[in-house]
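Participant: Here's a structure for you.
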């Protein structure tokens, strides 16, 4: 089937447009952001949050963010807990996966002093036990992109850096999310929704925008893939280079193309899956935010062991860097160089 990557309804998208064009919100924010969220438009309208600022698309040394950045504060006893939202594909879904300004998006969140990044993405399932409407917390990635996307801050002439990527996601972040596994529901069916998580759960990232052939889909299964999308690379790599704990929540919409005798998929089924996924994404995001606002988890305080790692990863000596290169580095790490 032709998987629809935007996991939220047009109505919610229009609602977001109103939020993101609200001239009454300040266009500057001088506080500290605790959590960055990258994903679909419906996540901007959570009951536990109140928008307090709407930053125009942020200009970074690596381009401009894919959308304005909405800053919201927690509605409750800890109103100092702030969340920054970026729509990965733009307000009107105008950026295809290959053209998303991934470096600008992640750099903006880093510049806002985010402590962690939570990402949402629609995926196709490569395994029979991961059903449409199920959610997955992957811990590994197979990169099948084509080298078209800018995937590093440290790959330009005059700057060399190598970061470890053996564990591309934050296991502590995933475990934190997994405590809410019983919160997602499937009210329209007797079939329950599941949140899948283990250390070998793997997401395949393909270039797109076309979807897999049947042969490719079967190959990805042989590789050990569990789900497939077009967004996790280079997002996860850039989060690592920014020393940010990062976890993607994958939302299954279909079985990709590997099933030889798949039943025809109807428009009603697709819309139902997308609607249910959007509802559960809101539920899960709300639970995570409410819990974090009550007590920020340790992995966010400590950076999950990533803090300071970039100092050891840059091979180029500062005295050999150009002024422009140093300015770019200081945008991400103002206290390192």
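The backbone N, Cα and C atoms fix where each Cβ goes, glycine too.
Grabbed the feature section from Swiss-Prot, which reads as follows:
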type: BINDING; residues: 41, 88, 89, 121, 122, 231; note: phosphate binding site
type: SITE; residues: 212; note: site 'Important for substrate specificity'
type: BINDING; residues: 230, 254, 255, 256; note: substrate binding site
type: SITE; residues: 267; note: site 'Important for substrate specificity'
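Mind running through what each feature is packed against?
Facilitator: A sphere of 10 angstroms centred on the C-beta of residue 121 (phosphate binding site) encloses 25 other C-beta atoms.
Under the three-state DSSP scheme, residue 212 (site 'Important for substrate specificity') falls in the coil class.
For residue 255 (substrate binding site), the same-chain residues that are 6 or more apart in sequence and have a Cβ closer than 8 Å to its Cβ are 124, 125, 126, 128, 132, 262. For the recorded site, residue 255 (substrate binding site), the DSSP three-state label reads coil.
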Participant: Work out how many Å separate residue 254 (substrate binding site) and residue 231 (phosphate binding site) at their Cα atoms, rounded off.
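Facilitator: That comes out at 17 Å between the alpha carbons.
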Participant: Under a three-state reduction of DSSP output, how is residue 88 (phosphate binding site) classified: helix, strand, or coil?
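Facilitator: Once the DSSP labels are grouped into three classes, residue 88 (phosphate binding site) ends up as coil.
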Participant: Rounded to a whole angstrom, what is the C-alpha distance between residue 256 (substrate binding site) and residue 212 (site 'Important for substrate specificity')?
Facilitator: 7
Participant: Give the maximum pairwise CA distance in Å, whole number, for the residues 230, 254, 255, 256 listed as binding substrate.
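Facilitator: Spelled out: the longest distance between any two Cα atoms in 230, 254, 255, 256 is 15 Å.
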